[in-house]
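If you look up Swiss-Prot, you'll see C347, C407, C410 marked as [4Fe-4S] cluster binding site, on the strength of sequence analysis.
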Amino acid sequence: MMPRTIIEKIWDRHVVKSGEGKPDLLYIDLHLIHEVTSPQAFEGLRQKGRKVRRPQNTFATMDHNIPTVNRFDIKDEVAKRQVTALERNCEEFGVRLADLHSADQGIVHVVGPELGLTLPGKTIVCGDSHTSTHGAFGALAFGIGTSEVEHVLSTQTLWQQRPKTLEIRVDGTLQKGVTAKDVILSVIGKYGVKFGTGYVIEYTGEVFRNMSMDERMTVCNMSIEAGARAGLIAPDDTTIEYCKNRKYAPKGEEFEKAAAEWKALKTDPGAVYDHSIVLDGSEISPMVTWGVNPGMVLPVDAQIPAPETIDSEDGKKEAIRAYEYMGISPNQKIEDIKVEHVFIGSCTNSRMTDLRQAADMIKGRKVADSVRAIVVPGSQSVKQQAEEEGLHRVFLEAGFEWRESGCSMCLSMNNDVVPEGERCASTSNRNFEGRQGKGARTHLVSPAMAAMAAIHGHFVDVRKFYQEKTVV
């Protein structure tokens, strides 16, 4: 057999039916659902008289619409109906649900891994763009639309076009203060938001190998922002250690057998990718987005680009539009940009590693008077663990708000929105126009960079913090 990439191996193992020049029918190992993209799918099953094909392979939680202050006080009628519908649908169709009373509730892409539902080698889908998060475990995970949600519920399969393979290799050693978020933002900034179109990415190299699972999830989460269908990292000892003793993971001898198979799941020597990119991690800086997509990003010590420095006419027009919407000017220093809001959370950066990183920045300091800062743990489990470690006290004493788990300010589908014309340093994954609220201005950053912005009221190079610590 020809040498194959891990992407091809997982794909081939799950093909139920294929035909020359046609999409493949893939078996889906895990289907994650939430309250926003599932109601129409369940209604479709009901109208057709169908059942959920594999309820044991389906897991639901509530995350997008729910409040993070008083989680039971859902004021928006549409949101309330969606939450109620999910409860009713899961009960009727026999699907496991982590509802608002459950200790397992949280953002779907946070709870899937922490419960041991996400495992290496699986095919995983969810009606959400950032399903690629689960690729951190060496799984093939991608977002699907509502009609596809119904198809998977009723058949446990999905028609998909075989993707091309893209290797992104990052070697070297990251500078102190440079994080997984900076790595993926740097990649997107260098190659654009469309370069991954038609590909599934495998992230390789020592930078990714040295990352924790939380950090790997941050990287894979933003694969979609590069235009890719999915992104993954081959499983290793770090992966296996994370999966051990998780609620739904195999136990005992079954786990040891599975772990041996997972460690063998990797790209063969001599396998050829359709395209490869190699980067030096030591050259990556803390990053800040300045425009209206994740590709409009620069090192924190840079200046907003002037139109004449942009090669394409379309790029110039996009930049001019971004200046206006974001309320910024060409040649303005990133570090001179002031913020009114800071959001630490989302499926990109709301795990323990992220919260510890932010808490390290703010310990003994105070949020600037001009800033409103909130921390939203990615799950009830993360919230509990953070409180056991005392992180919540660090945030509260600094002047942050400490919330319940949910998607929160990542998107304007709940009570947490950025007011029109105001600016937010956010650890989320999208800075599109209106993403955090009508007229909201979003700058994507790492948790450490967000924490520093909260303290100073403007962007600050987090590397200075570590330099000061070294001097002291």
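Even glycines carry a Cβ here, placed using N, Cα and C.
In sequence order, D63, H64, I66, I107, G345, S346, C347, M413, N414 are the residues of the chain that are 6 or more apart from C407 ([4Fe-4S] cluster binding site) and have a CB within less than 8 Å of its CB. Within 10 Å of the C-beta of C410 ([4Fe-4S] cluster binding site) we count 29 further C-beta atoms, all protein chains included.
Taking the Cβ of C347 ([4Fe-4S] cluster binding site) as centre and 10 Å as the limit, one finds 26 other Cβ atoms among all the protein chains shown.
For the [4Fe-4S] cluster site, the Cβ centre of C347, C407, C410 serves as reference, and the other residues of the chain with Cβ at most 8 Å from it are D63, H64, I107, H109, H130, G345, S346, T348, S350, G406, S408, L411, S428, N429.
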